[in-house]
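What follows is a single structure, written as structure tokens, with notes after it.
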Amino acid sequence: MENVLALVNDFGLFHLEWGQAIMLIVGLILLYLAIVKQFEPLLLVPIGFGGILANLPDAGLALSAVENALHAAKPEVMSAFGSVLNIATDSAAEVKTALATATPTQLANIHLLAEEYQYSDGMLYLFYSIAIASGAGPLVIFMGVGAMTDFGPLLANPKTLFLGAAAQFGIFATVLGALGLSSMGLMDFSVAQAAAVGIIGGADGPTAIYVSSLLAPELLGAIAVAAYSYMALVPLIQPPIMRALTTESERQITMQQLRKVSKLEKICFPLLLLILIAMLLPSATPLLGMFCFGNLMRECGVVERLSDTAQNALINVVTIFLGLSVGSKLVADKFLQPQTIGILALGIVAFCIGTMAGVLMAKLMNRFANEKVNPLIGSAGVSAVPMAARVSNKVGLEANAQNFLLMHAMGPNVAGVIGSAVAAGVMIKYVIG
């Protein structure tokens, strides 16, 4: 009978905490949005499922060996940890506090000790260490995005680069806003956290994950969920802003057909872009380097197998592990914080400011240019590729049934990808140094 009671007592259901229950519901909501509403399903399905796995009671899938040992809180294990940390205690709370100021050598010894007591790193923790903590996952994704990107529309109309640059204003405005809220005591964001939150405004998931993993890994889950959710909501968020900032006649502006871009131009552009940016801003090189490498594989025409792999098989495999890794950060004690609400609110503000800045830049350009651009393509400066360009085309067709803006909007859309990578480099440079 005692064995039966012990077995029943080990049921995870009896160890379910309210925070875990809430996060299980959040995971199910993400799956619902991905499957039923088709909001960024390629990312939200693994993120949502990873969030569910991370919050299963006593499974410890998102915890390191040391965290699993702390969760079990066995006195003999805590006492052994305490001896390494030079404190006499068998309390898990005291050990956890001491770990915050432990030296790298002590942390390494604690990890080895946890493994000696048969505790191991959780599956999702290992995924996170390999895919995100190392920085490899977002960089490989960027290579795949580069292999899928056509710089033709940007090269055919280079001035659209200014639209992509203007849309990044949302990133920097939100960083200042987050710091302002912190100074007023309404939120509690450090400079690094504010920079990580601001990058949501670029509407670029891999960049948001990469920057937050470096600057604010504790906020990664909330930032990634916000970034991909708002990317999925582009068709709902952008049109009202676009209509409010443009007149009917501006929306009806017809743009001339783009010139044909030569193969030589397409091959030279990623090389020149990388060298130029790397010389001016080395911290942007990892993201932009992988992006340009992927694009070069696409355009050079001699490595079609590699280009196809980067566009399809490789990016799909990495997306699975990247999504599960992000989901591992949706644990209750990290996600259910007041900061999460601030991240979601600031994220939507960043996105809206980026959209507004792109449209207003297009209107400003029209004051000085002989050949006018349709201001609607300015909203495509946020790097939600190609959804933002499709939204520009859709709103343009509503105003003029003969106005096909898709290829014109792809110019600022691609420029937005470059801009978000540069903005990420600026954040990393001035926060980390």
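Using N, Cα and C of the backbone, Cβ positions are placed for all residues, glycine too.
Annotations in TrEMBL come from automatic prediction, not curation.
For 18-35 (among others), the entry in TrEMBL reads transmembrane segment.
Beyond the ends of the transmembrane segment (125-148), by six or more residues, the same chain brings 61-64, 206-207, 209-210, 213-214, 217, 220, 270, 286-287, 290-298, 307, 310-311, 314-315, 318-319, 321-322, 324-326, 328-329, 385, 417, 421 to within a C-beta distance below 8 angstroms of the stretch. Positions annotated as transmembrane segment by TrEMBL: 125-148 (among others).
Taken from TrEMBL, the feature transmembrane segment applies to 160-181 (among others). If you look at the transmembrane segment (160-181), the same-chain residues 6 or more away from its ends with a CB under 8 A from one of its CBs are 153-154, 187, 189, 191, 193-195, 197-202, 342, 346-347, 349-358, 360-362, 365, 373, 377-383, 408, 411-420, 422-423, 427.
Per TrEMBL, transmembrane segment is recorded for 219-237 (among others).
Taken from TrEMBL, the feature transmembrane segment applies to 267-293 (among others).
Here TrEMBL flags 313-331 (among others) as transmembrane segment.
Sequence annotations record features per position, and here TrEMBL assigns transmembrane segment to 343-362 (among others).
For 414-432 (among others), the entry in TrEMBL reads transmembrane segment. Residues 142, 145, 149-151, 153-154, 160-165, 167-168, 171-172, 175, 191-192, 195-196, 198-199, 202-204, 207, 210-211, 214-215, 273, 277, 281-285, 287-288, 291, 380-385, 388 of the same chain sit 6 or more residues outside the transmembrane segment (414-432) yet have a Cβ under 8 Å from a Cβ within it.
Count of Cβ pairs under 8 Å against the transmembrane segment (343-362): among 219-237, 267-293, 313-331, the largest is for 219-237.
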